[in-house]
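The active site, proton donor annotation in Swiss-Prot covers TYR61 and rests on similarity to another entry. Annotated NADPH binding site per Swiss-Prot: LEU201, VAL203, VAL239, ARG241, SER242, ARG247, ASN251, in sequence order, evidence recorded as similarity to another entry.
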Amino acid sequence: MTVIDEIYSSSSAIPTVALNDEAKKPVLGLGVAKLSDEETESSVLAALEAGCRLIDTAASYGNEAAVGRAIAASGIPREELFVTTKLGTSRQGFHSAQESCKESLDRLGLDYLDLYLIHWPAPTLGKYVESFEGMIEARERGHVRSIGVSNFTEDLLATVIEETNEVPAVNQVELHPRLNQAELRQVHAQHDVTTQSYSPLGVGRLIEEPTVTTIAAEYGRTPAQVLVRWNLQLDNVVVSRSSKPERVAENLDVFDFTLEPEHMEAIEGLHDGTRVLHDPMTFMGT
């Protein structure tokens, strides 16, 4: 039984984990990539109504303002929420990272971010280290409480740590049964970096995988719920996305069952290194 499992067994509410800076972060949340403003607002409201308190957006998604409107409409106190957004590649740099952070706050209608991430390392641009240093400054100024990275490999993460003497709180990466990121997760554990997974369903490609559907039938759950639960039992924070409010609530309803070790291993056996989204070493982002 994992540490997170022990927490799950006591409550159906979404638990939190402590980041390396002692901030508390919900282990499951809503992502809003590629959602229109209307879809974003309805999905965020549905998630908040279902008990979700982690909302993950990005400047490049173009829907930060919609996230902010939904948060305002919900009436939920700010201190109960954990809001993440990300620095776009076009704004990388020491000063521009700080400016972009404030611009995101303005669009969200918030006074501070809970977590600010470098969205893509864009290593050929060569600005990810100074960007992270700019985010450290933004944190010092109270604009953000925790800082981290997204789509960073083991080597890129090591470079940030070595050159800034700061360990990112989070590395958010594509992670699902086809790409389980086992080696990267080991590095994260060594440095006390929280692994946050996106695309836990493999962009929908895994919900019809026979291994997953068979296990889902045994538990009386949907394949999506099984995939999210598998990811959580690896001690990852997970963000999932849907434009349908009923699916949003369904994907959050995963805290009243536990996958048995043999089922975890069967799903683990699907790993073949397939990446369904961008290669972080070559993709530049926006």
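Keep in mind that glycine also has a Cβ here, set from the backbone N, Cα and C atoms.
The CA atom of ARG241 (NADPH binding site) is located 13 Å away from the CA atom of the residue listed as 'active site, proton donor'. Same-chain residues with CB within 8 A of the center of the LEU201, VAL203, VAL239, ARG241, SER242, ARG247, ASN251 CB atoms, the NADPH site residues themselves not counted, are GLY31, PRO200, GLY204, ALA224, SER240, VAL248. Considering only the binding-site residues VAL203, VAL239, the Cβ with the fewest other Cβ atoms within 10 Å is that of VAL203. A sphere of 10 angstroms centred on the C-beta of ARG247 (NADPH binding site) encloses 16 other C-beta atoms.
Residues LEU201, VAL203, VAL239, ARG241, SER242, ARG247, ASN251, recorded as binding NADPH, reach a greatest CA to CA spacing of 14 Å. On the backbone, the CA of ASN251 (NADPH binding site) and the CA of the residue listed as 'active site, proton donor' stand 21 Å apart. Between the C-alpha atoms of ARG247 (NADPH binding site) and the residue listed as 'active site, proton donor', the distance comes to 20 Å. Under the three-state DSSP scheme, ASN251 (NADPH binding site) falls in the helix class. It is 14 Å from the Cα atom of SER242 (NADPH binding site) to that of TYR61 (active site, proton donor). In this structure, SER242 is the one among the binding-site residues SER242, ASN251 with the smallest number of other Cβ atoms inside 10 Å of its Cβ.
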